[in-house]
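Per Swiss-Prot, the features are as follows:
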type	residues	note
BINDING	His115, His119, Asp307	Fe cation binding site
BINDING	Val138, Val139, Ser140, Gly141, Gly142, Asp171, Gly184, Asp188, Asn279	substrate binding site
Amino acid sequence: MSKDIKILAIESSCDETAAAVVVNGRDVLSNVIASQIDIHTKFGGVVPEVASRKHIEAIGIVVKEALEEANVTFDDIDAIGVTYGPGLVGALLVGVQYAKSLAYALKKPLIGVNHIEGHISANFIQYKDLKPPFVCLVVSGGHTFIVHMKDYGEFDILGETRDDAAGEAFDKVARAIGLGYPGGPKIDKISNEGNENAIVFPKANFHDKDCLDFSFSGVKSAVLNYINKMNMKNEEINRADVAASFQKSVVDVLVDNVIKACKLRNVDKIAIAGGVASNTHLREAMINAGKKNKIDVLFPAPILCTDNAAMIGSAAYFEYLKGRVAPLELNAIPNLKLGER
């Protein structure tokens with residue numbers, strides 16, 4: 001395709017209101033994010049109704065800023081991309097309705113994007129020459145998957161969590177040891193001061209040796225039990241040791257399973273995606289495992305790991321090339337599965 005395709009992308013699945021302009025799925029002209037983290041920190045987590053109200057306040061502003069920063073107008077835009085699931089239904093609806101209104105008023109194609117596919121596509125922005133097939137570990141507050149990306153927009157799910165997502169476990173453990181919200185970055189930071197071998201927390205292993213699923217409820221419960229026992233004994237809890245030991249348990253399982261996935265599918269490339277992909281200990285462990293097994297390990301920049309609209313613009317471009325235009329009846333689907341249309 002000789003003509004550059006400019007996508008205006010919108011993301012509002014949780015607590016970030018974001019808009020971006022992306023060219024040909026890989027070049028970001030703008031990536032504007034209005035974060036609500038300071039608001040939700042007061043509540044110890046995301047409050048859905050508050051998130052929705054803040055999206056309504058911010059969405060028009062971030063879209064305007066994204067266009068200005070990219071030095072383009074609506075006339076320059078070829079299609080509107082928007083996250084329509086999974087996520088918080090009220091939050092998703094704000095972005096979907098806004099995108100539908102723009103698409104209708106401007107007579108532009110509307111592209112519905114799966115939020116998880118967006119996270120995976122962040123790697124296409126970071127690595128301009130990256131092409132499928134590859135294995136991707138998607139690890140965030142709400143999702144933990146191992147995916148084989150066979151082609152653009154074509155996925156096999158090789159493994160997923162059977163209970164808590166990894167990021168969810170991080171948040172709950174952080175709250176239990178008094179670190180507050182958001183838990184992931186705080187555990188990552190305090191772990192640098194702790195001994196990761198101080199406490200042995202369990203790692204979920206399933207009977208089927210080829211099983212690539214995860215379970216993080218056990219290690220989360222083990223941490224809570226450890227804290228309760230220490231409190232009953234009136235003994236001081238070393239938060240850094242607890243955080244480091246918990247983190248090691250989670251990271252070890254993530255690394256082991258994704259390396260196993262590459263070997264099972266005979267793939268020599270791993271892309272990491274999602275908010276937890278910013279975790280410095282996960283990055284270090286994945287890089288070391290990749291070197292040991294002669295597998296390339298790819299990470300997006302931290303700004304592309306957390307929720308943003310540039311990744312949605314990338315995914316929307318590849319959907320656009322396949323002719324997957326959404327009807328104006330597009331609705332938010334909070335439990336949307338990867339690969340569903």
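Including glycine, each Cβ sits where the backbone N, Cα and C put it.
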Please give me the CB contact count at 10 A for Gly142 (substrate binding site), counting all chains in the structure.
20
Which ones in the same chain are close to Val138 (substrate binding site), with CB under 8 Å and 6+ residues apart in sequence?
Ile116, His119, Ile120, Thr144, Phe145, Ile146, Val147, Ala273, Gly274
Packing count at Asn279 (substrate binding site) (other Cβ atoms within 10 Å of its Cβ):
28
Round to a whole number and give the Cα-to-Cα distance in Å for the pair Asn279 (substrate binding site) and Asp307 (Fe cation binding site).
15
With every protein chain in view, how many other Cβ atoms are within 10 Å of the Cβ of His115 (Fe cation binding site)?
27
Taking the Cα atoms as reference points, how far is Gly184 (substrate binding site) from His115 (Fe cation binding site) in Å?
20
Cα separation, His115 (Fe cation binding site) to Gly142 (substrate binding site) (Å, whole number):
11
Cβ neighbour count within 10 Å of His119 (Fe cation binding site):
32
Write down the Cα-Cα distance for Ser140 (substrate binding site) and His115 (Fe cation binding site), rounded and given in Å.
11
